[in-house]
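Per TrEMBL, the feature region 'Disordered' maps to 13-36, 817-842. What TrEMBL records for 22-36, 823-839 is compositional bias 'Basic and acidic residues'. Under the heading transmembrane segment, TrEMBL lists 43-67, 79-105, 126-146, 166-189, 196-224, 264-284, 304-323, 343-365, 395-412, 418-440, 452-472. Per TrEMBL, the feature domain 'Amino acid permease/ SLC12A' maps to 48-536. TrEMBL lists 556-635 with the feature domain 'SLC12A transporter C-terminal'.
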Amino acid sequence: MTEKTPLLHYRLTTSPAPENTDVPKHAMGKDDREAEEQTNRKLGVVFGVVIPTLLSMFSVVVFLRIGFVVGQAGLYQSIAMFLVAYFIITMTVLSVCAISTNGALDAGGAYYMISRALGAEFGGSIGIMFFLANVCGSALYILGLVEAIMPTFGVPKGLHHVLPSGYWWSLLYSTVLLFLCFIVCLVGAHIYAKAAFIIFIIVVTALASVFISFFTVGPIGVILPDTSVLNSTSMSTANYTGFRLHTLEGNLFSGYTVDYSTDAMMSFAGVFAVMFNGCTGIMAGSNMSGDLKNPSYSIPRGTLAAVLISFITYNLLSLLAAWSCDRYLLQRDYSFLGDINLWPPMVTLGIYSSAMSAAMSNLIGASRILYALSKDNLFGGVLALAKKTSQSGNPWVSVLVSWLLVQVVLFAGKLNTIAGVVTIFFLLVYAAVNLACLALEWASAPNFRPSFYCFTWHTCTLGILGCLVMMFLISAVYAFVSIAFMLLLLMLIHYLGPISKWGYISQALIYHQVRKYLLMLDVRKDHVKFWRPQVLLMVAKPRSSTGLMTFINDLKKSGLYVLGHVKLGVLDELPFDPLQSCYDAWLSLVDHLKIKAFVNLTLADSVRHGVQNLLFISGFGGMRPNTLVLGFYDDCSPQDHLPGQILLSAAQRLETVCSTTDPEEQCSLFFPSVRDAEGPKDLDAEEFVSVIADAVKMGKNVTLARYFNQFNREEVTGPFIDVWPLNLLQPDSRGYVDICSLFLLQLACVLHETRAWNQARLRLFLCVEAGCSLQEEEEEKKLRMMLKELRIAAQVQMVPWDHVVALHWQRRGGRGNLMESAQNERTKRHEDGEKEHRTQTFPNNASHLTDQYICAVNNLICGHGAPQPAVRFLYLPSPPADTSRYHAYLHQVDLLSRDLGPTLLVHGVTPVVTTDL
């Protein structure tokens, strides 16, 4: 019942509140707020998606730039431009439809889709850019509207100006128009939808009058202003011919010339950039996702319908203009649609209405994105106020902030600069939407099954490439700056933002690729020259093992590193698996220590069986541990190296399963304090040696780590890494080149090559007989030749140890036959060669090894340890086959390594070095 208490508490605190309209929103439970937000969604397909999207696409471009496109590019290239542009946006729309039909959508539109698909970092950075794009887009349409108004009402009419002109007057007009948009958006999305519908009727009426005028107005001469001389009143004319074949033939091909409004020479890229700006409104319906009754139903149908309608409209207008208007008229008068209209003010009204609607659409879209960002807490308390909503659910604070930012942008007053930034930002957002859909498709996650099927990874890829190409085609500088800005935001959110609970597509993609490459990693193709240590480190008490864990992280040489832990118990006797709640704490420990390790926990009735389980099941395919690392079995007092260190994720997880609120107490439930470690051990000495023997039987290299409670990676005191490759517990052995010695050398070399240890020097100790100078030189020469062949740089030191070996032979025979017995034993060992090295076990003369001899060896090692090395590598013999000698084996290894500082006792069973290329 203890584990269920927090869940019960959560249920009670989130139960439905009584029906009372006076209950404040902050006092409602989560379910209440979700229900209220659901009831505030009132928009359907037409009003929520089709109309906002069409109004965003039918901006001033359709009225003021359709003739410019046809006049410069010709009918053929104009149609090609529309095909290319709509191909790009159609690929993006398909991705939008796929994502929007894969689950419930909330406010934020494209931001919500990207963040839930790609994760908080990518979604947050794109969300900020999309927000800024909508802010700048709203300012763009306001400035465009003012520029359209001034030629009509700002010119002299008789003896006075209808409207004064100038920068500050234009800023005043922009502010007034923006304030009108702000009032409409502040009331709520439903008011905006109604206002948008009225504007939509006006725009449709204006477009209808344009189409009717093409068929009803006869040939006329259109008077064009001469812009070559400022304030000149001289005029020129161009012809509207009506539908004539020779007019169509003259407009089929391109005729690029100087743009009369900018004095810039036009090209395909320049005309395409202007035209494409009228196709960037496809996300207007998605931005309203928080106000739609059924976003997954409305967004695909509404967006596709709007794209199809706008594509047909643009192409029909291009065809009619090319068929009826002289090219000179198209190139010299961008407002010719009003000049040939049955009622010219209708076109002017359409321009004003479409610009006003586009400004409102971008303003309300920006507010919804900001509201979604604030709800997700990606920026902490910076956007806390933006969460506030009205009783009807309208985020009025977000609308207010968006309005203020648009007002700031209006001070720039540079339409062309804003237009370039807006277009690039929108294209980057479209590329991100395609990337999100592509990532979901490539991840092959079972839960990605959208009800919209008309997409593949090919459409996503084409959409991404199309958006990127167009970004750099329009402006390479803006494209680079926008991508750099997005990456900066991504890094800021990654390092400073909170951990999201939406899931990360990167994890799904990594899983997909790792599984594929693991299957390709064939163990039958392993070769010794590509060997690397793959370590399983058994950790009993994490609090006292941090030094060893960081050291082994240096030793792994980009290989597999697994932290193993055995929890004693039997699952049949427990109500649930006790390991599941421990993983977060272990992973938090890995993060805290900054090591690259996996965590593998097991439940077993004994430590020996648990280690066997881990050796059998750890890793996959060719990535399996080949080396087992154990702490030493001694009576050293453990030290707590995590005092005051709180593993936050573990504590947070415990809050849902434990009633305690003390973080220290919560962490102690996962990692017992060292006070508990002073109690009885989980295994006895015989079982410890049995674990070593089991690993050797399974073909695993074994390493015993001792005194690493004294090791601190940040305070490595010794400049040396000492290596003793001889089996010091078998003084009659004659091998520096057996498998175990070479494995020991390889590990020392691997450690030396890591960045943290490359300043240390390898120091290799060669035990020789004193007085035999020729033999000593020969041994040293052989050793140096072997090191050269193995490409190991080490400082070789000759260590006479006759006085130590004498203690051993005196015990076995007596002084008279000491030298003869030693020589006979060595000759036999030399003749056995590699056979002896492969089958070497605990020395046959183990019963003759005295504590006096082993202590002398220990003193010998200590005496040649000046200056004190950072770590020592010693030869570890294999355990004896007779289990009754396990205690003697462990006792001798204990005496050998006592008081040596951080020491690794290494036993290798697999070849790890080669001299071949």
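Easy rule for this one: first residue shown is 1, then count along the chain.
Using N, Cα and C of the backbone, Cβ positions are placed for all residues, glycine too.
Touching of the transmembrane segment (264-284) and the transmembrane segment (166-189) is ruled out by the presence of fewer than three CB pairs under 8 A, sequence neighbours closer than 6 excluded.
Fewer than three CB pairs closer than 8 A are found between the transmembrane segment (126-146) and the transmembrane segment (304-323), and contact between the two stretches is not assigned (pairs 6 or more residues apart). Per-residue pLDDT, averaged across the domain 'SLC12A transporter C-terminal' (556-635), gives 90.
Tallying C-beta pairs under 8 angstroms between the transmembrane segment (452-472) and each of 79-105, 166-189, 304-323 places 79-105 first. Long-range contacts of the transmembrane segment (418-440) within its own chain (CB-CB distance under 8 A, at least 6 residues past either end) are made by residues 88-89, 91-92, 94-96, 98-99, 102, 110, 113-114, 117-118, 122, 126, 129-130, 132-133, 136-137, 139-140, 143, 273, 276-277, 280, 282-283, 409, 412, 448, 455, 457, 460-461, 463-464, 467-468, 470-471, 474-475, 478-479, 482-483, 486, 505, 508-509. Highest Cβ pair count under 8 Å relative to the transmembrane segment (196-224), across stretches 43-67, 79-105, 166-189, 304-323, 395-412: 43-67.
Recorded stretches compared: 43-67, 79-105, 166-189, 304-323, 395-412; the one with the most Cβ pairs under 8 Å to the transmembrane segment (343-365) is 43-67. Outside the transmembrane segment (43-67) by six or more residues, the chain places 141, 144-145, 148, 189-190, 193, 196-197, 199-200, 203, 206-207, 274-275, 277-282, 284-285, 287-288, 291-294, 297-299, 301-303, 305-307, 309-310, 313-314, 317-318, 321, 325, 329-330, 333-338, 347, 350-351, 354-355, 357-358, 361-362 with a CB less than 8 A from a CB of the stretch. With a threshold of 8 Å between CB atoms, the same-chain residues lying at least 6 positions outside the transmembrane segment (166-189) that come near it are 42-43, 138-139, 142-143, 145-146, 149-150, 195, 288, 291, 356, 359-360, 363-364, 367, 390, 392-394, 396, 399-400, 403, 406-407, 410-411, 413. DSSP labels the residues of the domain 'SLC12A transporter C-terminal' (556-635) in these numbers: 28 helix, 22 strand, 30 coil.
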